[in-house]
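Participant: Quick one: structure below, then a few questions.
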Amino acid sequence: STASRSSSHKDGSQASVHQKTRKQMIIEKLREQLFKAKAFLINRFLEIYLPMKQFFYNLIHPEYSAVTDVYVLMFLADTVDFIIIVFGFWAFGKHSTADITSSLSEDQVPGPFLVMVLIQFGTMVVDRALYLRKTVMGKVIFQVILVFGIHFWMFFILPSVTEKRFSENTVAQMWYFVKCIYFGLSAYQIRCGYPTRVLGNFLTKSYNYVNLFLFQGFRMVPFLTELRAVMDWVWTDTSLSLSSWICVEDIYAHIFILKCWRESEKRYPQPRGQKKKKVVKYGMGGMIVVLLICIVWFPLLFMSLVKSVAGVVNAPLDVSVKITLAGFQPIFTMSAQQQQLRSVQENEFVNFTKAFVTSDESKTNMALQWLESYFAQDLIIAELKGSSNSLWTISPPSRLNLIEMLGSNEKDFPITVSWSVQRNFSLGAKAETASGKNVMSLVNETRRDLIMLLNGTSSHLKVTIPKFIPRYIRAPSDSDATPVEQLGEDHMFDISLTLMRAQNLSDQIQEWWIVNQLTAGPLDTIDPNREAGLRIYVFSDQVSPPSLGFLAGYGYV
């Protein structure tokens, strides 16, 4: 039994040793396979990485290169893309009918449009910075980012936003085509390397009239010269201060202009000491004189002729009057429309003009001089009914407060009349409605009469308010309708106020105010038996034709 136990123990130890050896062999095989896989992956990665590294290294460090400068062409390509974004923004948005010009005219800038414009402008600034620093490595990185970013946006994001395939978007195709030209120029610039001398303006490379006028136009663009000068100073190694740098740029500009004139003198020589020919003096000089005279006098001539010769009558469509006591509910509102707006005939306008011929020569001249600017078709008589078109529904507490304010002599009590004239806005008026108002303080006697009316102690009492409502109103094309003070002291007429009361079917008391004109106008006849009402003379300024409104709308200034 002892022998059997020892033999079984030896067999078990041998089996465990054999099992451990087997595990070690398996682990060694796995390690060997892992090393082979790692070596395979590294080799595959190096097969891909080393050619790419060598490619970019050869780009950045070429053995030889024909240095060239195509930055101007790249800038022009970016400028064309910028213009396509501005005028073709509707093709890059979800709603294809969006019009950027109408949005900008309403002082609304769409968010996507602003982002696209800023990104486009930002890439132009970065490109300029890389060009000034002459860093090919930065240009390569910038080129790679642009290529992947633009293609991802153009073929994946934009179709999902516009819900339109790229092949159906013509504006996007134009933008992408110009961008591909930019990519080709950038690749050529990277392959050849940046030139050593990058400062200077490409327009100053040659001296002729074309470059001179283009350079002058470049300098006239607001902030463009300053922006270019500051960018050049920021990304160029220099010991000059910013002010000195700008001064040097200005000196170079003046030298270029002088050089262009000297070259023109060489090509078209003029003998010294010989006076200029009359063809040159009267041809070029005469044209400049005529041009300057036209610039000075064209606004006055144009604004005078466009309204007197080609002016369009913009007759009122509605004339409204509203009277308010202090800040309470209006006591009288009335409008004149359609048949209540009566046109004046030629003979009536002549009689109207003769009514201002008085013994006072200065007042007569002032009135007639003002009337010379108007014709019969410019004068409209608004006949407003005397009864208010709305009931006076003031609350009892407000009524008591109104009576208390009228009875208090400590403060002034204002009464306000406001008027408005509505025109056809589509004919060229600057504002659809012209309005104005007149505020005056009531005297004590008038305030006592109003208290009597409000208390009902004298129902037939008529309260007179002198010189309150304008008889003549001038309605220009803007929003201000003013009384015509040039037509004498009677340009404001007296009115009478009456508070009427009646009971409806429900035995409720209803109140409304009646306003009546007390003094007659030049074409009026005051009949004591006539219906109460107001007659207001409205002078409407003629407007320019719609075809010339875009220019005449700016006015003289």
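Note: Cβ is positioned from N, Cα and C throughout, glycine not excepted.
So TrEMBL lists the following for this protein:
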| type | residues | note |
| --- | --- | --- |
| REGION | 1-20 | region 'Disordered' |
| DOMAIN | 68-304 | domain 'Piezo THU9 and anchor' |
| TRANSMEM | 70-93 | transmembrane segment |
| TRANSMEM | 113-131 | transmembrane segment |
| TRANSMEM | 140-162 | transmembrane segment |
| TRANSMEM | 174-194 | transmembrane segment |
| TRANSMEM | 206-222 | transmembrane segment |
| TRANSMEM | 242-261 | transmembrane segment |
| TRANSMEM | 282-306 | transmembrane segment |
| DOMAIN | 343-556 | domain 'Piezo non-specific cation channel cap' |
Participant: Should anything in the same chain at least six residues away from the transmembrane segment (113-131) have a Cβ under 8 Å from its Cβ atoms, list it; otherwise answer none.
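Facilitator: That would be 71, 74-75, 78-79, 81-82, 85-86, 89, 92-93, 100, 103, 138-139, 142, 146, 194, 198, 231, 234-235.
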Participant: Taking the transmembrane segment (140-162) as reference, which of 174-194, 206-222, 282-306 has the most Cβ pairs under 8 angstroms?
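Facilitator: The stretch with the most contacts is 174-194.
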Participant: Under an 8 Å Cβ to Cβ limit, what residues of the same chain, 6 or more beyond the ends of the transmembrane segment (70-93), are close to it?
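Facilitator: Residues packing against the transmembrane segment (70-93) from afar: 99-100, 110, 112-113, 116-117, 120-121, 123-124, 127-128, 131, 158, 161-162, 169-172, 174-175, 178-179, 181-182, 185-186, 188-189, 198, 202.
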Participant: State the non-local partners of the transmembrane segment (174-194) in its own chain: residues 6+ outside its ends, Cβ under 8 Å from one of its Cβ atoms.
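Facilitator: Sequence-remote neighbours of the transmembrane segment (174-194) are 59, 62, 65-71, 73-74, 77-78, 80-81, 84-85, 88, 131, 134-136, 139-140, 143, 146-147, 150, 154, 166.
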Participant: Okay, the transmembrane segment (206-222) and the transmembrane segment (242-261): do they have at least three CB pairs under 8 Å, pairs separated by 6 or more?
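Facilitator: Output yes: the transmembrane segment (242-261) sits against the transmembrane segment (206-222).
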Participant: Which sequence positions outside the transmembrane segment (206-222), separated from its termini by at least 6 residues, show Cβ-Cβ distances below 8 Å to it?
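Facilitator: Distant Cβ neighbours of the transmembrane segment (206-222) are 253, 256-257, 259-264.
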Participant: Do you know the mean pLDDT across the domain 'Piezo non-specific cation channel cap' (343-556)?
Facilitator: 85
